[in-house]
Amino acid sequence: MGIKQCCYILYFTLALVALLQPVRSAEGVGEILPSVNETRSLQACEALNIIDKCWRGKADWENNRQALADCAQGFAKGTYGGKWGDVYTVTSNLDDDVANPKEGTLRFAAAQNRPLWIIFKNDMVINLNQELVVNSDKTIDGRGVKVEIINGGLTLMNVKNIIIHNINIHDVKVLPGGMIKSNDGPPILRQASDGDTINVAGSSQIWIDHCSLSKSFDGLVDVTLGSTHVTISNCKFTQQSKAILLGADDTHVQDKGMLATVAFNMFTDNVDQRMPRCRFGFFQVVNNNYDRWGTYAIGGSSAPTILCQGNRFLAPDDQIKKNVLARTGTGAAESMAWNWRSDKDLLENGAIFVTSGSDPVLTPVQSAGMIPAEPGEAAIKLTSSAGVFSCHPGAPC
């Protein structure tokens with residue numbers, strides 16, 4: 001059954017319920033009014049952007065979870081996560097032994113050397129006692145339940161093929177480190193964590209989708225140390241100074257090959273800067289919704305190429321903060337040669353986007369990773385279900 005058919009069924013079901021249970025308006029006249037939840041269900045079922053259209057609106061999603069791996073777009077396209085492995089169900093929210101985690105815990109599953117598609121038995125809040133080190137070929141899939149990870153963040157270091165989907169990560173602290181399980185072997189000594197919700201270092205084929213990220217000690221997502229082929233999509237970033245860092249230092253020349261996509265995300269509720277902040281690499285920032293910022297929205301140094309396409313930039317009211325961009329680390333003349341381009345972007349409330357450089361000639365790899373941009377006027381709709389969402393077995397998401 002396709003998306004349209006599922007939506008029609010849901011629509012007529014909700015309409016029938018409304019007919020049987022009419023409510024009254026403030027004026028006292030009998031009136032059929034859809035609830036907020038009904039409106040959100042219809043909106044979600046519609047699956048508005050290219051990633052969600054790949055899998056949402058299908059009632060059999062629970063029995064075909066691994067089809068999600070075919071839906072990655074941008075530079076993480078082809079990331080399969082744990083598609084070729086077993087489905088592993090997390091049954092416990094405990095994290096009481098980080099060196100030798102018990103079977104049934106998220107830490108045990110994440111450390112395995114084999115591919116796994118990790119799901120959750122029920123709603124749970126996982127209070128991590130140390131950073132969670134995720135091994136290669138894993139999908140962490142929170143669909144069907146509400147999964148929150150707090151206190152500690154996720155670390156993806158020198159790994160490949162990771163999908164993180166529909167997880168709420170918040171209130172992440174710097175943790176002291178120690179002996180931590182990171183693979184099938186003995187635990188290894190880890191230094192203190194940085195306090196990011198998701199830290200990606202030296203890794204490739206990483207897809208972060210439909211996550212809600214907020215309140216961390218440092219940043220929300222850091223991608224550094226030669227990481228590449230990364231897509232951050234359909235996420236909601238809130239209540240944090242620093243959102244996304246793509247390249248950590250102007251001396252890290254290994255990031256010259258970084259390819260990253262930032263697509264269909266919502267930045268709102270007191271996010272100050274780094275949406276993203278880029279160094280060296282090649283970045284497509286496409287169809288995101290920027291609902292004000294503090295210092296700036298998108299920044300960079302070390303001559304990154306940043307292609308902004310079809311975004312909606314709603315500037316803050318402060319007249320000195322209207323600039324979308326921040327160029328740092330060099331003189332004005334040099335930075336104005338960097339290829340920072342704008343196409344189809346919507347600038348609102350006096351937002352200013354000062355382009356520089358020229359339209360680059362794309363390599364075949366760069367061309368293959370580009371997501372077709374819709375006009376900025378569509379960004380609000382395309383990001384309307386960003387972040388985690390409710391999804392029930394037997395019904396379309």
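Each Cβ is built from the backbone N, Cα and C atoms, and glycine gets one as well.
For Cys54, the cysteine that Swiss-Prot lists as its disulphide partner among Cys7, Cys71 is Cys71. The record from Swiss-Prot ties Asp218, Asp222 to Ca(2+), and of the options Asp194, Asp209 it ties Asp194 to that site too.
Using a 10 Å Cβ-Cβ cutoff, Arg274 (active site) registers 28 neighbours. Ranking the binding-site residues Asp194, Asp218, Asp222 by the number of CB atoms within 10 A of their own CB puts Asp222 at the top.
Apart from Asp194, Asp218, Asp222, the Ca(2+) site neighbourhood in this chain, defined by C-beta within 8 angstroms of the site C-beta centre, holds Gly153, Ser193, Gly195, Asp196, Asn199, Ser216, Phe217, Gly219, Leu245. A C-beta separation below 8 Å, combined with a sequence spacing of at least six in one chain, links Cys54 (disulfide bond) to Asp70, Cys71.
The CA atom of Asp222 (Ca(2+) binding site) is located 10 Å away from the CA atom of Arg274 (active site). For Asp194 (Ca(2+) binding site) paired with Arg274 (active site), the C-alpha to C-alpha distance reads 17 Å. For Asp218 (Ca(2+) binding site) paired with Arg274 (active site), the C-alpha to C-alpha distance reads 12 Å.
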